[in-house]
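Engineer: Dumping what TrEMBL says about this protein:
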type	residues	note
TRANSMEM	25-45	transmembrane segment
TRANSMEM	57-79	transmembrane segment
TRANSMEM	91-111	transmembrane segment
TRANSMEM	132-156	transmembrane segment
TRANSMEM	162-183	transmembrane segment
TRANSMEM	195-214	transmembrane segment
TRANSMEM	247-265	transmembrane segment
TRANSMEM	323-342	transmembrane segment
Amino acid sequence: IPFYKEMCKGIQAGEMCEKLVGYSAVYKVCFGMACFFFLFFLFTIKINSSKSCRAYIHNGFWLIKLILLAAMCSGAFFIPDQDTFLNAWRYVGATGGFLFIAIQLILLVEFAHKWNKNWTAGANHKQMWNGLLALVTLILYSVAVAALVLMALFYTRSEGCMYNKVLIGVNGGLCLFVSLVAISPCVQNRQPHSGLLQSGVISCYVMYLTFSALSSKPPETILDENNQNITICVPEFSQGLHRDENLVTGLGTTILFGCILYSCLTSTTRASSEALKGIYATPETEVARCCFCCVPEGDADAEERIEKRGGQTVIYDEKKGTVYSYAFFHFVFFLASLYVMMTVTHWF
């Protein structure tokens, strides 16, 4: 990495230099990715026709775009003033990561809402769907409660760790509050298909975010009886090994790829834009099925019937307009680049 020795001298990192330089490399690669998607976000604003010149660039020129992305990521390593760049970019990353978490929460609610509505529709014909709904909800809440208890055991102690206690207590209380709101008469009247499944999904995700915050927080040190510095408020198995940090990175990556997979299965790039406006478009004639994410046969409109050309199945075409918002697509990937950057570097 260029400027390696100069950077180590400048920040006086000592033994931590290798880790910090590794973190700064992640920041630079993700800076290139974020710039790439942000430029395309600006480029694709208000594209209403797939036949426009800008739409052709969005849907093609893959080799040129790949070279541009690689050039941006490589060029970020040659930014002259490293200290100023890292200090400024981490605040941009924290803001973008926060916004991406908010979008993830909304899309998780949309996913759980669709799940709940689909399985509730089957309960009118078979009680099995009610049983499955109750079982999944019970599993989700069991995972959330178990995570809360484990974090209380490993990240707190009788003396000290006040920050950790407040964080676990507040987030646990908010999950309970969300669960009560989900089954309140006010919400039930406006959203009849709302229930504990949605709050269960969100509670599990909030427990992951809490775990991410606790593992990223700098450890506290106190003096023991022998006047020796000891680390507290971190699990013993993670000391020196950073296993909890690796677990957070693994879980974060799994959730991110899960969201991308769900988007691919449901063509939810269009539904995502609607979900952010509070519109949960679901067909009224629901047919309950385990694989509710996949689009069932016959769901397309009469004007969007499946066309078979060259062995490919086309469910949506863009003859009349764009199927999804191109600008929204790139903006979400811009925020996702910042979220990945912050997760991998444990929020600086």
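In case you wondered, yes, glycine gets a Cβ from its N, Cα and C as well.
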Engineer: Which listed stretch (25-45, 57-79, 195-214) has the most C-beta pairs under 8 A with the transmembrane segment (91-111)?
Structural biologist: 195-214
Engineer: Are there 3 or more C-beta pairs under 8 Å linking the transmembrane segment (25-45) with the transmembrane segment (323-342), counting only pairs at least 6 apart in sequence?
Structural biologist: yes
Engineer: By a Cβ-Cβ criterion of under 8 Å, what residues six or more beyond either terminus of the transmembrane segment (162-183) are in contact with it?
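Structural biologist: Apart from its flanks, the transmembrane segment (162-183) reaches 144, 148, 151-152, 155-156, 194-196, 198-200, 202-203, 206-207, 209-210, 213-214, 217, 233.
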Engineer: For the transmembrane segment (195-214), could you work out the same-chain residues 6 or more beyond its ends whose Cβ comes under 8 Å from its Cβ atoms?
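Structural biologist: The answer is 101, 104-105, 108-109, 111-113, 115-116, 120, 133, 136-137, 140-141, 143-144, 147-148, 151, 155, 164, 167-168, 171, 174-175, 178-179, 181-183, 244, 247-248, 251-252, 255, 343, 347.
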Engineer: Can you tell me which parts of the same chain pack against the transmembrane segment (57-79), counting only residues 6+ beyond its ends and a CB-CB cutoff under 8 A?
Structural biologist: 1-2, 25, 28-29, 31-33, 35-36, 40, 43-44, 47, 50, 85, 326
